[in-house]
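Participant: Below is one structure. I have some questions about it.
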Amino acid sequence: MIALGVNIDHVATVRQARGTTYPSPVEAALVAEVAGADAITLHLREDRRHIQENDVVILRDRLKTRMNLESAVTEEMIAFACRIKPHDICLVPERREELTTEGGLDVIRHFQQVSVACKRLAEAGIRVSLFVDAQAGQIDAAVEAGAPVIELHTGRYADAATPEMQQVELETIRTMAAYAFGRGLQVNAGHGLHYENTVQIAAIPELSELNIGHAIVARALFVGFAEAVREMKALLQQARA
């Protein structure tokens with residue numbers, strides 16, 4: 001069965017919009033676990049636009065599933081992760097002006113920096129994932145860097161302008177998921193997935209986990225957070241039925 005990682009970033013986005021103490025991303029994470037989430041994903045950005053350090057610290061001791069911490073490959077963030085010791089860390093690219101992560105980590109270009117980070121995190125007992133575009137070269141670089149897991153960036157698929165273009169992107173993800181799996185990696189995927197486009201991705205047999213957040217938070221406005229998680233979990237189960 002494919003796992004569902006629920007990203008709680010945008011619960012924190014609502015909180016930070018007014019500088020209040022609510023809604024609590026910690027509470028959202030605990031509700032998501034009860035509703036069937038297999039992991040909780042959260043991105044501690046350098047600009048701290050949503051998730052804050054204290055959210056990570058509190059959740060680390062309260063989660064019953066797994067914490068998947070997303071972070072940039074910086075000394076500050078790697079040191080923080082080594083101190084907190086999440087179950088998993090997904091290294092992502094980051095630009096302050098972006099609305100959300102816009103593409104995969106260029107492991108080829110930043111190979112030395114990524115390799116050092118992978119080694120350091122692994123020595124701290126943290127499983128490392130690299131968020132990469134669905135390209136063989138990036139997958140090969142991830143293997144060489146020592147990452148046991150990759151997360152394929154599904155943004156181009158999610159943002160495709162036509163059904164035909166989306167199908168092309170889907171085939172690319174299918175091909176690269178199989179390629180990465182064949183190279184011995186655990187293969188996850190995420191970015192831009194929602195209730196209308198997730199089943200096709202979840203049906204790819206080599207994928208182990210999907211990380212989904214914005215769509216679940218948006219759906220929760222109308223049906224509640226627990227039900228939004230349950231509905232997404234049902235779609236993943238449907239895809240593997």
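Cβ coordinates come from backbone N, Cα and C, glycine included.
Look at Swiss-Prot and you will find H43, E70 tagged as active site, proton acceptor, backed by sequence analysis. Among the features that Swiss-Prot reports, active site, proton donor is placed at H191. Feature annotation from Swiss-Prot assigns 3-amino-2-oxopropyl phosphate binding site to N7, R18, G192, G213, H214. According to Swiss-Prot, the 1-deoxy-D-xylulose 5-phosphate binding site annotation covers D9, H10, R45, H50, T100. Annotation source Swiss-Prot lists site 'Transition state stabilizer' at E151.
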Participant: Counting other Cβ atoms within 10 Å, pick out the least crowded of the recorded positions D9, E70, E151.
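Facilitator: Per-residue Cβ counts within 10 Å for the recorded positions D9, E70, E151 bottom out at D9.
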Participant: Please state whether DSSP places E151 (site 'Transition state stabilizer') in a helix, a strand or coil.
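Facilitator: E151 (site 'Transition state stabilizer') sits in a strand per DSSP.
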Participant: Relative to the Cα of D9 (1-deoxy-D-xylulose 5-phosphate binding site), which of the recorded positions R18, E151, H191, G192 have a Cα no more than 10 Å away?
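Facilitator: Matched recorded positions: none.
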Participant: Hey, what's the widest CA-to-CA gap across N7, R18, G192, G213, H214, the 3-amino-2-oxopropyl phosphate contacts in the record, in Å?
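Facilitator: For the residues that bind 3-amino-2-oxopropyl phosphate, the greatest Cα distance is 25 Å.
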Participant: Which of the recorded positions R18, H43, E70, G192, H214 has its Cα closest in space to the Cα of H10 (1-deoxy-D-xylulose 5-phosphate binding site)?
Facilitator: H214
Participant: If you count other Cβ atoms within 10 Å of each one's Cβ, which of the binding-site residues H50, H214 has the most?
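Facilitator: Comparing the binding-site residues H50, H214, the most crowded Cβ belongs to H50.
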Participant: Of the recorded positions N7, H191, G192, which one has its Cα closest to the Cα of E70 (active site, proton acceptor)?
Facilitator: N7
Participant: Have a look around H43 (active site, proton acceptor) and count the other CB atoms within 10 A of its CB, chains all included.
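Facilitator: Other Cβ atoms within 10 Å of H43 (active site, proton acceptor): 23.
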Participant: Same chain only, sequence gap of 6 or more: which residues have a CB within under 8 Å of the CB of G213 (3-amino-2-oxopropyl phosphate binding site)?
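Facilitator: When sequence neighbours closer than 6 are ignored, G213 (3-amino-2-oxopropyl phosphate binding site) has V6, N7, I8, D9, H10, T41 within Cβ distance under 8 Å.
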Participant: For H10 (1-deoxy-D-xylulose 5-phosphate binding site), what is the secondary structure by DSSP, using just helix, strand and coil?
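Facilitator: Note: H10 (1-deoxy-D-xylulose 5-phosphate binding site) is helical by DSSP.
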Participant: When DSSP is mapped onto helix/strand/coil, what comes out for H214 (3-amino-2-oxopropyl phosphate binding site)?
Facilitator: helix
Participant: According to DSSP, which of helix, strand or coil covers R18 (3-amino-2-oxopropyl phosphate binding site)?
Facilitator: helix
